[in-house]
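Features reported for this protein in TrEMBL:
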- B:54-81: transmembrane segment (TRANSMEM)
- B:54-269: domain 'ABC transmembrane type-1' (DOMAIN)
- B:102-125: transmembrane segment (TRANSMEM)
- B:145-169: transmembrane segment (TRANSMEM)
- B:181-201: transmembrane segment (TRANSMEM)
- B:246-270: transmembrane segment (TRANSMEM)
- B:304-325: transmembrane segment (TRANSMEM)
- B:353-376: transmembrane segment (TRANSMEM)
- B:354-542: domain 'ABC transmembrane type-1' (DOMAIN)
- B:388-409: transmembrane segment (TRANSMEM)
- B:421-441: transmembrane segment (TRANSMEM)
- B:479-503: transmembrane segment (TRANSMEM)
- B:523-549: transmembrane segment (TRANSMEM)
Amino acid sequence: MFPRLIACLLAAFVSAAAARAEAPDPSRWQAVLAAARGETVYFHAWGGEPRINDYIAWVGREVAARFGVELVHVKVAETGAVVAKVLTEKAAGRTGNGSVDLVWINGENFAAMKENGLLLSEPWADRLPSYRFVDVAGKPTVARDFGVPVDGLEAPWGMARLVFFYDPGEVPAPPRSAEALAAWIEANPGRFTYPQPPDFMGTTFLKQLLVDLAADPAALARPVGSVDFEAVTAPLWAYLDRITPLLWRQGRAYPRDYGGMRQLLADGETAISFAFNPADASSAIANGELPDTVRSFVFDGGTIGNTHFVAIPFDAGASAGAMVVANFLMSPEAQARKEEAAVWGDPTVLAVDRLPPEDRARFAAVERGPATLPPDALGPVLPEPHPSWVAPLEAEWARRYGVGQ
Amino acid sequence: MLRLAPAAIVLLLLGPVAAGLGGVLLPAFGYLPVLGGDSLSVEPFRRLFELPGLAASVLLSLGTGLAATAIAVSAVLLFVGGSFGTRTFRLMQRFVSPLLSVPHAAAAFALAVLIAPAGLPARLLSPWLTGWTHPPDILVVHDRAGIAMVLGLVAKEIPFLLLMTLAALPQTMARERTELMASLGYGRVLGFAHGVVPVLYRQLRLPVFAVLAYATSNVDVALVLGPTTPAPLAVRIVELHADPDLAMRFVLAAGAVLQLGVTGAALLLWLGIERFAALVLAALAPTGWRASRDAAARLAGSALVALPAGAILLGTAGLALWSVAGPWRFPDALPARVTLGVWMRVMPGLSAALGNALAIGVCASALALLLVVAALENEVRNGHPPGFRGLAALYLPLLVPQVAFLFGFDFLLARAGWDGRFAALLMAHLVFVLPYVYLSLSGPWRSLDPRYARVLASLGRGPGTAFRRLRLPMLARPILTAFAVGFAVSVGLYLPTLVVGAGRWPTVTTEAVALAAGGDRRIVGVTALVQALLPFLGFFVALAVPAWLHRNRRGLRVAR
C-alpha cells in the first residue's frame with residue numbers, strides 16, 4: 001500500500017517538474033510541432049462578439065485537423081481579469097500548468113504583464129515561421145504596443161482603427177473633427193454617447209479626444225509621470241464639460257460597452273457611434289444588427305490605431321501548442337479569412353505586397369462590405385498614448401463624470 | 001454513517017466560507033507576504049475610500065437592498081394574507097416553479113426589454129399614441145437611484161419568498177388561525193397579520209435575511225439594471241478584481257470586507273424594521289380595528305405579486321421575439337424579418353457549456369440531496385433536529401456576500417493548485433446548493449405523519465424498510481423538487497463558476513454573461529432562454545415523474 005502511494009506521489013512530482021521544463025524554442029519549429037501535438041490550448045479571449053467567437057471556433061477546427069492541437073476558447077468579459085488570474089497564480093507560487101495558455105491582449109494589459117514578469121521570459125513571437133510576412137516597416141505598432149517594445153513576447157494578430165458610424169439619412173454632414181463633433185452634439189442633444197470608461201472603447205474615445213485636443217501631442221508618447229498631467233489633459237476635460245450635459249441621458253448613464261453602444265444606434269437612440277474596427281458596421285449590416293444605410297467616417301486629422309496581439313503567460317501548460325496557434329493566426333490564410341466583413345472584418349498585420357502570389361490573391365478577393373471605407377480613405381493613423389496614461393485618465397474621468405454631481 | 005451526515009454538511013458549508021473570509025481579511029489589512037505585504041496596516045482601506053463615489057456606492061447597496069427586501073416581503077405577506085385558500089392562491093402556486101427557474105440575469109434582461117425607452121411597450125404605442133419617432137431620452141434603466149434595479153430584485157425575490165412561505169404555512173396552523181380571526185370579525189389581511197404572521201415570520205426570518213444579503217450584494221441584476229455612475233458596491237468590487245495592478249489586490253480585499261460590513265449593517269437595520277413592524281401590529285390590536293372591508297388591500301396584494309410575475313413572463317416572451325428578430329427599427333411594433341440566424345450561430349458554441357452546466361448541476365444537487373437525505377433520516381431515527389445554530393450554519397453561505405469570500409477562497413485553491421479542477425468547482429457549487437436543497441426538503445420530510453412508520457414497525461419492519469418502502473416513495477415529489485431547486489441554483493451560479501472554474505468549466509450562465517458583454521439584444525434573448533431552459537426542465541421532471549409514479553395513488557396526487 002504505502003510503497004505504491006509513494007510511487008504515485010513521486011510520479012505526480014516528476015510530471016509536475018516536467019511541466020515546468022523549458023519553453024519550446026520556435027526556431028526549431030519541427031520540435032515545437034511535435035511537442036504541440038495532443039496538447040490542449042486554453043485561449044482566453046474576449047467573448048462578447050459571436051462573429052469573433054465563430055472565427056476562433058474555425059481556427060480551433062483547423063489547428064485540430066492540421067496540427068493535432070485542441071483549442072478551447074475561454075470567453076472572458078474583461079482581459080484585465082485574465083491578467084489578474086495569472087498574477088494570482090504567480091503570487092500563489094505556481095510555475096507551470098497555469099490556467100491560461102494564450103491570451104488576446106494589448107496596451108496596458110500587455111504592459112502590466114511584461115512589467116510583472118507574467119509572460120514567457122524568452123522572445124518567441126518574432127521567431128515564428130509566419131512572422132516573416134508581418135509588416136513591421138509599414139505598421140510600426142506591431143513592434144511597439146502603445147509605445148512599449150513588444151520584444152517578441154506577443155504575436156501580432158490584427159490591426160484596429162477607430163472609425164465612426166452614422167446614418168446619412170439622419171446626419172447629412174458627419175462631423176469630421178472633435179470640434180465639429182461637439183458642435184453637432186450641441187445641435188442634436190441626446191443623440192451621442194460613448195461606453196463608460198474603464199471599458200476599453202470608452203477609454204479609447206477619451207484618448208482620441210486627447211490626441212486631437214492636446215496642445216502638444218508629443219507629450220502623450222512619454223510616461224505620464226514625466227509630464228504635467230493636469231496641464232496636458234485640461235483641454236480634454238473642458239471639452240467633456242461642454243458636451244456631457246448634451247450626451248444621451250444627459251451623461252447620467254453610459255452604455256456598458258461597445259455592444260451596448262451599437263444597440264443604441266440600431267434602436268435609433270443615438271445617431272453617431274464608433275468602433276475599433278473599420279469593417280464593424282459592414283459586419284453588423286451583414287448580420288441584420290444595423291440597417292444597411294449605415295456608413296463610416298473618420299476625423300480628417302486622423303484616428304487612433306493600434307495592433308492587438310496574442311501572448312503566452314509564463315506558467316502556460318501548453319506553450320508549444322499556444323505557439324502553433326499563434327503562428328496559424330498570423331498565417332496569410334487565417335489573416336485573409338479574418339478580413340472578410342462577413343467573418344470579422346479585422347485588418348491584417350501582414351505586408352500583403354510581400355506575400356507569394358496565391359496568398360496575395362486571397363487578400364484581393366476579400367469582401368470588405370458596403371460600409372467599410374477603402375484603406376486610402378481611412379486617413380492618418382494616430383499613435384496610442386503611452387500605456388501609463390490609461391489608469392490616470394480613467395481615474396480622473398471617474399472622479400469628474402462617473403459619480404454624478 | 002448517518003450520524004456523520006450533519007457534521008459533513010456543516011463542514012462543507014463552513015469550510016470554504018471560513019477559508020474564504022480568512023483569505024480576504026488578512027490582505028484587507030495589508031498582510032499577504034507573497035505580494036509583498038508583510039505588516040498589518042489600514043492602508044488598503046484608505047485607498048479603498050479614495051475611490052471616487054465610494055460612499056454613494058455603499059449607500060446605494062444599502063438602500064436598494066433594504067427597499068427591495070421590504071417591498072418583496074410586504075408583497076408576499078399581503079398576497080398570502082389576502083388570498084390564502086382562494087383560487088388565485090392555488091394558481092400562483094403553480095407559477096412559482098417556472099418563475100424560480102428564470103435566472104437572475106435573464107429576469108433582469110426580461111424586465112429591461114419591457115421598461116426601456118426602446119422597449120416593447122414603447123414600440124407598440126409609437127408613434128401613433130406617443131408621437132415618438134426615436135426612443136425618448138429618459139433615464140429608466142440604470143437610473144441613478146437604482147429604482148429599476150429594485151424592481152428587478154423584487155420581481156425575482158417574490159417567487160423565492162413565496163416558495164418559502166408555502167413550505168412554512170403547513171406548520172403554522174394557518175387555516176385554523178385565519179378561521180378564528182374571521183370568526184372575530186377581522187378582515188382577511190389584518191386577521192392574517194395578527195393571527196398568522198407572528199408564527200409564520202419566525203420561520204421566514206432566515207430566508208428573508210438571505211434575500212436581504214443577496215439584494216445588498218448582487219452583481220448580475222445590478223449590471224443589467226443598476227446605476228453606473230457610480231455602480232453599487234459589489235459591482236465595483238468585481239471591477240477591482242479585473243484590475244491588472246498588483247496593489248489593487250489589497251484594495252479588493254478591503255472592498256470585500258466593506259461589503260461584509262454593508263450587508264451586516266443592512267441586517268441590523270432590518271432587525272430594527274422588524275421591531276418597528278411588531279410594535280405597529282401590537283399597537284393596532286387593542287384599538288379593535290378589524291379592517292373587515294379590505295378588498296383594496298387584497299387586490300393590492302394580488303397585483304403586487306402578479307405584476308412582477310407577469311412582467312418576467314412577458315419580458316421573457318419579448319426576449320424570445322428578439323432572439324429571432326432580423327432588422328427591427330424603432331418604432332416598428334414587430335421585426336421586419338424573422339430569422340433563426342442568431343440561434344444557429346450561438347447554439348454550437350453553447351453546447352459544451354450546456355453539457356458542463358448539466359454535469360456540474362446534476363453532480364452538485366445529487367451530492368447535496370444525498371447528504372441532506374442522510375441528515376434528515378438521521379434526524380428521524382436518532383432525533384435532534386438542528387437548533388438555530390445548525391440552521392445558521394446552513395444559511396451562512398446565503399448570508400455572507402459571494403464577493404466577500406469567493407476571491408479569498410479562490411486564492412487558497414490556487415495556492416493548493418486546485419483551481420480549475422472539477423472537484424474544486426463541485427465543492428464551490430455545493431456551498432450554495434446544499435442550503436437550498438436542505439431548506440426545500442426539510443419541511444416536507446419532518447411533516448410526514450410519523451404514524452405510518454409506527455404502523456410499519458408494529459409489523460416487524462426495521463427503519464431501513466421504512467426509509468425505502470415508505471419515506472422515499474411518499475416523499476418522491478418533494479425530493480425531486482429539492483433536486484430541481486438545487487439544480488436551478490447550480491445552473492444560475494455565475495461568480496463561483498467563473499472564479500473557481502478558472503475558465504475551464506464554462507456553463508450556460510458564464511457564457512451568457514460573456515456574450516451579453518456584446519450587448520446585442522438578439523444574443524441576450526437566445527442566452528437568456530437557454531439559461532432558463534435547464535432549470536425549467538429540472539422542475540418539469542420534478543412534476544412529471546411523481547405524477548407518473550403516483551398515477552394510481554390518489555392520496556399522493558397534488559390536490560386540485
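Note: Cβ is positioned from N, Cα and C throughout, glycine not excepted.
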Task: Non-local residues, at least 6 beyond the ends, that sit with Cβ under 8 Å of the transmembrane segment (B:102-125) - done: 132, 135-138, 140-141, 148, 151-152, 155-156, 218, 220-221, 223-225, 311-312, 314-316, 318-319, 321-322, 330-333, 488, 491-492, 494, 509, 512-513, 516, 521, 524-525, 527-529, 531-532, 535
TODO: Six or more residues out from either end of the transmembrane segment (B:145-169), which same-chain residues have a Cβ under 8 Å from its Cβ atoms?
DONE: 60, 63-65, 67-69, 71-73, 75-77, 79-80, 84, 92-93, 95-97, 99-100, 102, 104, 107-108, 111-112, 115, 200, 203-204, 207-208, 211, 214-215, 218, 221-222, 224-227, 232, 304-305, 308-309, 311-312, 439-440, 443-444
Open item on the list: Cβ pairs under 8 Å only, please: of the recorded stretches B:54-81, B:304-325, B:353-376, B:388-409, B:479-503, which one is richest in them relative to the transmembrane segment (B:421-441)?
Closed with: B:479-503
TODO: May I ask for the residues of the chain that lie six or more residues beyond the transmembrane segment (B:54-81) and have a Cβ under 8 Å from a Cβ within it?
DONE: 48, 89, 92, 146, 149-150, 153-154, 157-158, 161-162, 165, 169, 188-189, 191-193, 196-197, 200-201, 204, 208, 211-212, 215-217, 226-227, 230-234, 236, 258-259, 262-263, 265-266, 269-270, 273, 297, 300-302, 304-305, 308
